[in-house]
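Undergrad: TrEMBL lists these features:
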DOMAIN    A:4-342  domain 'Aminotransferase class V'
BINDING   A:38  L-glutamate binding site
BINDING   A:72, A:73, A:98, A:147, A:166, A:189, A:231, A:232  pyridoxal 5'-phosphate binding site
MOD_RES   A:190  N6-(pyridoxal phosphate)lysine
């Protein structure tokens, strides 16, 4: 078995892979790939998946859950379009590649964009403080976890301004207080399900309140009114997300997951801090529990280390080109045994 | 085995379902659902899929193939944004629900939209003639096959104006002369692969020529420059589309498919025309080979007919609510045996 530390799609429990494969062959007499999204059988899957998101994250009344397409890349645009208010002015926290892209789409939607905080001065290796927030913003947008830089918000920004969060890479990794947000969105392909669907959790009271004319597919109200079936949804991706949600809930939910994720992160960060061959690349207080970025203190050991982890059946450890070094992504389904295997290899260097 | 006459996602060959299920369990040591889209293994799949589209449709030099997300519903907007020219004026052929939606997104993109032909006067039961086309249009948009109405263009409109076609429901069902088009797009979930990916075949020379500012995800040039990997693609959907393309090519390609589709359509339309219990709902010359719409001549026989086909293991035969009656969708993977089974049941009424 391979230890999958890859940053992108999408380690899931083996049980989920087995059930998904079985449904490709037989889902009530058809393949799940050929079943109509309008059939009673699939409508039930979609409703279950939306309910299980609410259950897993303890979503309060007054929110709608949607499964759309296009990933966070389209989410940047959708969020800006749907939350434009009377000032057409939005605040963005810039913590790296993904928030930079979000800023760009805020502008593309026609908004005045204020960068209310940024960690660009130090190559995005920390989470900036939010001070002096203008009061006339329509919304604040931030990225909870930065897959590339390896940083993560440890608390939700305190504000009375509507709050939007791109949680693509840490949703379902820990409990969250959904009531603090007006919109949460997330590409499925980290902790939820296979690439191809994008989760939206949106406060009902803001639907239809945008001051912009929104193209149809980008309008969350359109999708909400059609119960996430405005057009053909990514059937299989939603089906597998639902399998994973059921697995998650059955196994203790996000509380149990959070505990395991903390254990995994502690194990690896301890090794990085105590092993003279390695150093972390981010500020300690802002370290991501999902994406652990680190490098060698002596680059001459690169060849040997790469050989060791490759021989150890570890995949996906190469750092993003913009940061260099290594990145160990430890999504929910990565077993602690895989982290132990990596730590053993680090000790052996 | 069920006879799947469903209009939406997505009958595929049994061999494709088997190979897809196997890859969910093991694709070079990982599940295809957890493999990184940046891995050499998946980059190869994406390149193969793009090449196999070119091979299957005999796409000439000078076109780029992309797999995006959002279905035709987002394609309506993407096509309008990318093909806006100096007049910001576009011509749409309105042949039913889908082209009506396309018209709406043309307007949402900020274009002046001219309905250059329409069959709305007769409930979209025919394909209108294209006469008196204004010369100052930036592009002409039409829908080649109308899944709901059951009509289909039998030839490509002759014009010097850039031509865009939504081929969602008949692409790969017959050979097409791609050189006549500036853009072809199609939701995968009929003849290509599972719901969740959308195919674009775009003429290179038009990329980057729009007179509109295009949001990033909606800009085809962005995706073309990144070899269809601007953001995380719908990995599994592309993987299965590639399996199906390989199956298609191995079994004689679209020429062989077209022959079989004609046989299937002839069989069913003959029964509709010769059986006094049934009548077609569209003009004979414009009948779709993909979606055969028909109704009972005597509604009192409905209960008995519905019982018969349900007992006969036929699924998906119910007509769309806007047309009523019945609709037999006969995509590539539907075997002629399934059509024979339906015809036997019609004879037995």
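Placement of Cβ uses the backbone N, Cα and C atoms for every residue, glycine included.
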Undergrad: If you measure residue A:72 (pyridoxal 5'-phosphate binding site) to residue A:38 (L-glutamate binding site) at Cα, how many Å is it?
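TA: Checking the Cα atoms of residue A:72 (pyridoxal 5'-phosphate binding site) and residue A:38 (L-glutamate binding site) gives a distance of 26 Å.
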Undergrad: Quick one: pull the CA-CA distance for residue A:232 (pyridoxal 5'-phosphate binding site) versus residue A:38 (L-glutamate binding site), whole Å only.
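TA: So the Cα of residue A:38 (L-glutamate binding site) lies 9 Å away from that of residue A:232 (pyridoxal 5'-phosphate binding site).
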Undergrad: State the Cα to Cα distance, in Å, between residue A:190 (N6-(pyridoxal phosphate)lysine) and residue A:73 (pyridoxal 5'-phosphate binding site), rounded to an integer.
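TA: Counting only the Cα atoms, the answer is 15 Å.
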Undergrad: My list of binding-site residues is A:98, A:166, A:232; which of them have a Cβ under 8 Å from any chain B Cβ, in sequence order?
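TA: Checking chain B against the binding-site residues, the residues within range (Cβ-Cβ under 8 Å) are A:232.
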Undergrad: Determine, using Cα-Cα distances only, which of these binding-site residues is closest to residue A:38 (L-glutamate binding site): A:98, A:166, A:231.
TA: A:231
Undergrad: For each of A:147, A:189, A:231, A:232, count the other CB atoms within 10 A of its CB; which of these binding-site residues has the top count?
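TA: The most densely surrounded of these binding-site residues is A:189.
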Undergrad: Restricting to the same chain and to sequence separations of six or more, state which residues have a Cβ under 8 Å from that of residue A:73 (pyridoxal 5'-phosphate binding site).
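TA: Listed in sequence order, they are A:101.
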Undergrad: For the residue listed as 'L-glutamate binding site', name the DSSP secondary structure in the helix/strand/coil scheme.
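TA: Going by the DSSP assignment, the residue listed as 'L-glutamate binding site' belongs to neither helix nor strand, so it counts as coil.
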Undergrad: Fewest other CB within 10 angstroms, which one of the recorded positions A:38, A:190?
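TA: Candidates: the recorded positions A:38, A:190. Fewest Cβ atoms within 10 Å: A:38.
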Undergrad: Once the chains shown are all counted, how many other Cβ atoms turn up within 10 Å of the Cβ of residue A:72 (pyridoxal 5'-phosphate binding site)?
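TA: I get 25 for this one.
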